[in-house]
Amino acid sequence: MKTLETRKEKKAQGKVLKAFGNLLQVTFEGNIRQGEVAMVHVDNLQLKSEVIEILGNQAKIQVFEDTKGVRLGSLVSFTGDLLEAELGPGLLSSIFDGLQNPLVDVADQAGLFLPKGIYLSALDRQRKWDFESSAKVGDVLFRGDRIGSTKEGRFHHFIMVPFSLYGKYRLTWVINSGSYTVDTVVAKAIDESGQEHSFTMVQKWPVKNALIHGEKIKPTKMMDTGERIIDTQFPLMKGGTFCTPGPFGAGKTVLQHHLSKYAAVDIVLFVACGERAGEVVEVLREFPHLIDPHTDEALMKRTVIICNTSSMPVAARESSIYMGITIAEYYRQMGLDVLVLADSTSRWAQALREMSGRLEEIPGEEAFPAYLSSRIAEFYERSGVVSLRHGKPGSITIGGAVSPAGGNFEEPVTQATLSVVGAFLGLSRARSDSRRYPAIDPLLSWSKYVDTVGNELSHQVDGWDQMVKRARHILFNGNEIGKRMEVVGEEGISMEDMLTYLKAELYDFSYLQQNAFDKEDAYCPLKRQIALFQLINQIFDTTFDFHTHDQAREFFLDLQNRIKNMNFISFDTEQYRKVFAEIKSIIEQQSRK
């Protein structure tokens, strides 16, 4: 029988031979394996590290902490375990670092400045959970099958047979329903060889291995984000992937925060990987006070935050990315829709570059390792929809922010990401400088899900996909005419071209741009988007007759301001309906002149 359980043999020991930053070369006795966790003894502390290269009786390990104090001959003890995530009830509403230490508990124990060498349990060992058993004695179970469940917020958190166990297990004992801690044995079973196994509410899984049990199926459902430019022009799907590259200050982090607040998913994993501490603090301050628009509950109840700021050790950036996706995979196996937001994958790639340089590997483009593309693809491939034996499928949607230096989309990290994602939401400096937020460039960005989502929305609105294509076409034409106007002026273009340009500007200003700090405009539900988009298309369809360019400009400026102001009014209220009717009346009056 195949198992991933900890090996019982004597654990290896070693000593430090060389130190190069957080890369240590050690000599060891015993058996170790790639990815194994090792503890480096420094004074009275033990620093967590990971084996990244083995050659004979020597190994190279990367330490997840500052290596100040490590000296020649320092003792290294190998644990026999891979770097693992602790999975069980209590993960939601938590704030972890890249090694899954609960930062609130660390702060209570060590104060405001995080010392090195402190590792705490990810789950609260004292808290009791109301466990309700669903399996019976005599049932034959496989990995991932449900033993029972407990209530975690508004979700049923299913207690499953550990994914590290393979083969058949026959239940011999199940605990009565009641309140228990996560370490309480809730069931016992025997495997095919007659060996007994005890199951608690906690299980562990190596973060570098994909946790998946079930068949991957094609994404079919749209992920509603409440962001008009995304849902209409560049839609996302549950189980899909997308990236948001852009220069510094273009609004990547604000966009990621918006998605974590308003995306129509069950659970959000926010991985702040190498972000500035100020931005992480903003998330930690803001999120506990925000309300989920879909459930009217606190947003933190569906959120897990993993913080690894730019001031923390570089090696932990990699572990934070993998830790986040592993927790997401665990919740996917319960049939939940999960959104993973990594901000920013560029900082993770920089950590790979730094370690690759210390390992003296042959560099690729811009000194990034040659295997950069495969690592990025590996991460995004852990997304997807999985068909489960118990009810509805679960999904993971991955969105990665990319921070190319100077907004250069030709650099290796952006190019490696673009080759594997399903949607590209490119933020441009030109749009952010002209205060056109969100600064997603409608001329650069693309989505592979446009046709699938278009077919889905065409059931609600006839010809939705054609309307979207025409709006994009008008945007392109308006942009070309705008460039011509810069050279020849307004007088040098025809009235027809002038109207196309003004329609494109109205669509951009009134529909694609959105105020993230306004209560009403921050989140635009799909029903409201459809009503507004139909109004915009009515303007596209209307034939206007103006005598001068100035007259046309004056009319369209007034019209776009009216539509913009309507976006700040609560949807479907008496005031909204009144303003909506006034706008339609103005359009009809002008078309009859």
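Note that Cβ sites are derived from N, Cα and C of the backbone, with glycine treated the same way.
According to Swiss-Prot, the protein carries these features:
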type	residues	note
BINDING	G246, P247, F248, G249, A250, G251, K252, T253	ATP binding site
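Each of the binding-site residues G249, G251 was scored by the number of other CB atoms within 10 Å of its CB, and the largest score is that of G251. Cβ neighbour density within 10 Å is lowest for F248 among the binding-site residues G246, F248, A250, K252. Within the same chain, the residues at least 6 positions away from P247 (ATP binding site) whose Cβ sits under 8 Å from its Cβ are S403, P404, G406, G407, L427, S428, R429, S432, listed in sequence order. Listed in sequence order, E275, E279, D343, A401 are the same-chain residues at least 6 apart in sequence whose CB falls under 8 Å from the CB of T253 (ATP binding site).
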